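Engineer: A single structure is presented below for examination.
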Amino acid sequence: MSYLNNRTLTLNILQTDTRAVANYYAAALQLCFHQLPSSYSLTRTVHAHMITSGFNPRGHILNRLMDIYCKSSNLYYALHLFDNIPQPDVVARTTLITAHSAAGNIKIAKEIFDRTPLSMRDTVCYNAMITAFSHNCDGNAAMEVFREMKLLGFVPDDFTFTSVLSALALIADRETHCQQLHCVVVKSGTGFVTSVVNALISVYVKCASSPLVLSSSLMSAARRLFDEMPVRDELSWTTIITGYVRNDDLDGARQVFDGMDVKLVVAWNSIISGYVHKGFVNEALRMFREMHLLGIKQDEFTYTSVFSACSDGGFFSLGKQLHAYIIRTEICPSKDFLISVNNSLISFYSKCGMVNDAKKIFDKMEVRDLVSGNAVLSAYVNTGRIDEARSFFSNMSERNLLTWTVMISGFSQNGYGEEGIKLFNQMRSDGVGPCDYAYAGAITSCSVLAALEHGRQLHAQLIHSGFDSSLSASNALITMYARCSVIEDAYRVFHTMSCVDSVSWNAMIAALGQHGKGAQALELFNQMLKEEILPDRITFLTILSACSHAGLVREGSHYFDSMYNLYGIMPGEDHYARLIDLLCRAAMFSEAKDVIDKMPFEPGAPIWEALLSGCRLHGNIDLGVEAAERLFDLVPQHDGTYVLLANMYATAGRWDEMAKVRKLMRDRGVKKEPGCSWIEVENGVHVFLVNDIEHPEVQGVYEYLKELVPKMKKLGYVPDTKFALHDTESEQQESNLSTHSEKLAVVFGLLKLPVGATVRVFKNLRICGDCHNAFKFMSMVVGREIVVRDGKRFHHFKEGECSCGNYW
């Protein structure tokens, strides 16, 4: 500020010449415009000098002061200065509207605009307000200001139409929206202005992605505008190419691209990104090589797309080579370049299964952003490394909604339902409003825990929040209600969804199959085909399971064969396992063995487990022993193999062989997973174990069970003692059966739930045969429906029958 110090004496002499003083301060403020980092402090010094000298600045000086304060992001001083001006002019008002809009303070911008008298407003002022709403993604408000402007007789200019078209692009979802404003542009005479036409093309291409319009029609209109432009700039080319890409017309994008005289980097990036998005990774990489050979400098957007292509196509070596190339050639990369490329590298290495390498890149980053942390967190979650994800999440200094959602979904998808719900509640306590994906994660957590009432509360919150039309949340609700045994509510959600996808159909088909409604599952599958929704490999897993649970051998075999013959989907081991299970449940062991012998790969554990389970069901000991021996080699620590084989020997009365299996189990240190059952009563979950003596009300349960058993026996119930220990007396065997965890949980529900309410119990293992029989008679005695979800499926007991038809 030596300029001011050296001129102080001159200023004193000129005090009587107001015009000279004003010119002097205007010149000083003009200098401040060029002092970018220090303009704020210089401006304050000049401002202070005015005050101490007694100079009373007029409009143009005040406007220049406010302009500098706004450009240096000191809106507080600018607004304070504005509030102390008796009659601020339209320039001052427009300056503040623009500044507060840029800072995201749209409320203050609107207040300033509303306080501006109509007599003072002009087109520039209206442009500023329209732009403010447009930049803050409120297209409807921007359009309302434009309508007001027209009604009051203000004449729009080029900038008006550019801004209002940008706003329309945010909300246009019908062809008439585009056409109406297009007509206004033509009538105004601005239809030849490049910036206006670019904005109009953008409206057409964005509206083309709406499900309410025919995209090809709007893209044709956009293309005609582009072809008729007298002058095109870079934005013209990139807008039309990007429009084709976003509307999945890569041929149209490529046609325009090939017609460019000078191909811009943005155009190359758009084409490469489009190929990656559509799964044409080889073509994307070919374009990248061509770009490189032509000597066109790649930027961070190029590399981001190419790393995605490498991970999607499984080209790990190529991705590593590109990583090395960037390190070697990028000498002084910008901050934005480093953050963007490193973030894409984290995603590339994590998608290729190299999570530790992804974490190393993160640790070495000198500059990170929230995307960096979220990428590492997603890598841990997607690979099931939940403990590391939990630790990383706890140490993150910054979190956003995506961070919380990834962690909640990670807990729910990996079986940590209780932690998922707790984290969801913590997120809300911290003031972070959940999105539909966060709700979907929390609802999935309720599925894991079978927490029906909590799931219903989340459903109500979902509706209250306006996310009830969300596809992901609705799909989660279908699964939640199905896994909580309320199949009717799952069906209701499915039928009221505004739109469905293959995940929705798969979830509903799976739900019907698990609940023993095989015929309805097949009917829904055929309806899916009629609506021209192609089944995927998950669809066939669900339909094969439904056929297996319902004993529909012919139908299941037909659908298995149609996988490849009709839809070109190669069956995986999981599909073969379900086919084997289907055949074995029907005692078709020779057919099952024939399928195993003809499999295009070596059978793994799922195949032999399905075979062993069928042999256990029908007492085929010889084939069961063969399956068990294969499993001992493949998964020697899996307790289920030993338990099934021992039970098979016990059923056949071959106690010596059973004892040998138990000894083998002990010698190998394999421990049987303890059976437990749980039930939700009065917003609390009650867990019961075999021979439970810990539950505070278990004695009352035992007493009520003693009352029920004689009544059940009168109706024909006979305890099946082959499910009890063989080396005890008959009376003791019956007593042992009464201590099974599922019986205790069901009886507790009968005691605690309102009269007539359905009893819903969940068990971690397969339901015991005697318990299955007992619940049929118990449902007759108490006149209530009893639903048990075991490790395989649902059983609905009502009036002495089970939904599985004893085919389980």
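Positions of Cβ are set from backbone N, Cα and C atoms, glycine also.
Pulled from TrEMBL, these are the listed features:
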type	residues	note
DOMAIN	716-808	domain 'DYW'
REPEAT	122-156	repeat 'PPR'
REPEAT	233-263	repeat 'PPR'
REPEAT	264-298	repeat 'PPR'
REPEAT	369-399	repeat 'PPR'
REPEAT	400-434	repeat 'PPR'
REPEAT	501-535	repeat 'PPR'
REPEAT	638-672	repeat 'PPR'
Engineer: Apart from its near flanks, which chain residues at least 6 from the ends of the repeat 'PPR' (264-298) lie with a Cβ under 8 angstroms of it?
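Structural biologist: Counting only partners 6 or more residues beyond its ends, the repeat 'PPR' (264-298) has Cβ contacts under 8 Å with 234, 237-238, 241-242, 244-245, 248, 250, 253-254, 257, 305-306, 308-310, 312-313, 315, 318.
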Engineer: Can you tell me how the residues of the repeat 'PPR' (122-156) break down into helix, strand and coil by DSSP?
Structural biologist: 26 helix, 0 strand, 9 coil
Engineer: Mind checking how the repeat 'PPR' (638-672) divides into helix, strand and coil residues in DSSP?
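Structural biologist: Each residue of the repeat 'PPR' (638-672) counted once, the result is 26 helix, 0 strand, 9 coil.
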Engineer: Counting by DSSP secondary structure, give me helix, strand and coil numbers for the repeat 'PPR' (369-399).
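Structural biologist: In the repeat 'PPR' (369-399), the DSSP-based counts are 23 helix, 0 strand, 8 coil.
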Engineer: Could you count the residues of the repeat 'PPR' (501-535) that DSSP puts in helix, in strand and in coil?
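Structural biologist: Reading the DSSP string over the repeat 'PPR' (501-535) gives 26 helix, 0 strand, 9 coil.
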